[in-house]
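Visitor: My questions all concern the structure below.
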Amino acid sequence: MHDLAAPSATNLEETKTSPAAAYRRRARAIATNPLFVLAVAACVALIVLLVVQDRTAAASRVRFRPSSVDWANWTQYYPPASIRALPTGKPRDMPRIQFDFPLYRPDPVARERQQAVKDVFVRGWESYRANAWYYDELLPVTGGWTNTLGGWGLTMIDALDTLYIMGLQDEFTFAAGTIAQLDWANTTYRDINVFETTIRHMGGLLSAYDLSGEKALLQKAEELGSMLYLAFDTPNRLPPFLLNLVDAQNGTQVAGDYDPAAGPTSLCLEFTRLAQLTNDNKYFDAIDRVTSFLVRSQNQSAIPGLWPMLINFRDEDVTQAHTFTLGANADSLYEYFPKMHLLLGGLDPVYESLYTSSMDTAIHHLLFRPMLPLDNNTLLFAGDASNDTGILTHIPASQHLACFAGGMFALGGRLFGNAAHLSVGDRLARSCAWAYAAFPSGVMPEKFGMVPCANLTGDCWWDEALWARSRGGDVGLPEGFTNALDPRYLLRPEAIESVFLLYRITGAEDLRDVAWEMFQSIVSATTTEYANAAVANVTVTGVTEKVDTMDSFWLSETLKYFYLIFAPQTVISLDDFVFNTEAHPFRRPK
Ligand code: DMJ
């Protein structure tokens, strides 16, 4: 019997002379032949060259054409005496923001949901391209178009980074190529909305540049930045809500005396990123003066710690207007405090202090817990407060716009190691999602009222008679709600924004199911022949009446957050990026 473990002499001899061995010998000889090595090296070089050339060709399709006006050369009538530079030095060590998710594992359910969101985005984008290209927004019921903000093609700019994130590379290159040719001087608008143009147009361009490295997009952002910078040319260097270029040219601009608090105060993230990317400190100096005003005035209002919803920026007076809110007109003023801390790598301590002091005050004065028949002890909403009568009154009404607060508290809580804020963020974010489910359409109205509990924690017994009295004649409302003051849904993002941030921060997997429920309800309530439309009344059962508007934030924010909550958690990680208030991610300094 042969020993199978040891080859016999005969076997060894066979190996030497077999055709396979001869083939291996020949192959070895060829592989070590210097000519062959040279040929392989040449092929590899050629392939690399072709790939690089292809990339360059793609990039060169995005050719920058300068605008016809160079605003950087315009006279400043009130030039700053000195320019404060961006803080320098090594960014401070930041706590990890994202939950420590396990390494990526394929998740077929999440993938399917992510694809469903992408499909809705693509349908809306293609319809915009076909029916409203070059205009600001699509009319989703009639298939027409409308200009709402400057007429520079708002939707294509606002949605640009979403195209990139969703991997729609050809569409991205096509849109970027169009945008790089825009002339910002080509507008029929007499007044330019400084806030919206900063967060949507400039924010969109900076983010798309941060993601793609496409230089022309930064150049377009810088052109726009130099135009918007003119708004700061006022006697106290605080900008008006609307930039009038004729006033700017004549040196007659002044800050507003009754402007939304969030207007001048929520330009800081975008102007800081612009300063970082262009190394031009004047952009940082401009917004730093607004921050200094906030610091000076924080304790002068009727609720020390907070600023009223409307501010007299001209006289730097916060004592005249008396409504306080985290919702419309004030929202992003507060949202940007923790975000500025992140973007500046913690090098300016003022933003942590502004965040903590204002939000500790807001918890006390603005948040309320609704009274409900079931055990819903943890629900919490951001309401308002008013001092109109001379007595400070809490107003137990909330709004979709205030739903961003859950994400902000969760972010601030994690960033500054404040467990109480993280818990408030969790409650606020989940409450907005709960409010979606409470209405027959599965979508939350723009504004609503509820009966408040006396405290944010502890017992709160349901009082049917009190609820009936508080809701007046309105019998069709879900239990606990006293009105749907504005029953529309405007395709807004704030609720999913907070659910997304909370998910990435806490890792609570149930939030993906919560998001999926919200997404399905929104799609079913808003789908039209062309795309998705705002809804007239979410409190009714059955088919919803559509309103012929699709704000650009539907593609830039709402669908982006829905997409990202189902994406692998490394996609736009919160440890690498910080979102501006229009959901445009900016790269954080490392
Ligand atoms: C967006 O433009 C931004 O999210 C802004 O901060 C608030 N309003 C809309 C979305 O609702």
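Cβ coordinates come from backbone N, Cα and C, glycine included.
What you see is a predicted model, and the numbers here were worked out from it, not measured in a lab.
Residues or ranges marked as transmembrane segment by TrEMBL: 34-52. Per TrEMBL, active site, proton donor is recorded for E196, E446. Residues annotated as active site in TrEMBL: D331, E494. The disulfide bond annotation in TrEMBL covers C403-C432. If you look up TrEMBL, you'll see T581 marked as Ca(2+) binding site.
Provide an account of the burial state, proximal residues and distances for the features listed.
Guide: Neighbour count (other Cβ atoms within 10 Å of the Cβ, all protein chains): 18 for E196 (active site, proton donor).
Sequence-distant neighbours of D331 (active site): residues of the same chain at least 6 apart with a C-beta under 8 Å from its C-beta are A262, L401, A402, F404, A405, T581.
Mapped onto three states, the DSSP output places C403 (disulfide bond) in helix.
Sequence-distant contacts of E446 (active site, proton donor), defined by Cβ-Cβ distance under 8 angstroms and a gap of at least six in the same chain, are Q399, H400, L401, L485, D486, P487, R488, Y489, L490, R492. For the recorded site, E446 (active site, proton donor), the DSSP three-state label reads coil.
Taking a C-beta cut-off of under 8 angstroms and a sequence separation of 6 or more, E494 (active site) has the following same-chain neighbours: H400, L401, A402, C403, F404, C432.
A 10 Å cutoff on Cβ-Cβ distances gives T581 (Ca(2+) binding site) a total of 26 other Cβ atoms nearby, all chains included. Annotation note: T581 (Ca(2+) binding site) sits in a coil segment as assigned by DSSP.
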Visitor: Under a threshold of 6 Å between Cβ and any atom of ligand 1, which of the recorded positions E196, C403, C432, E446, T581 are retained?
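Guide: Within range of ligand 1: T581.
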Visitor: According to DSSP, folded down to helix, strand and coil, what is C432 (disulfide bond)?
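Guide: Once the DSSP labels are grouped into three classes, C432 (disulfide bond) ends up as helix.
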Visitor: At a 10 Å cut-off from the C-beta of C432 (disulfide bond), count the other C-beta atoms across all protein chains.
Guide: 28
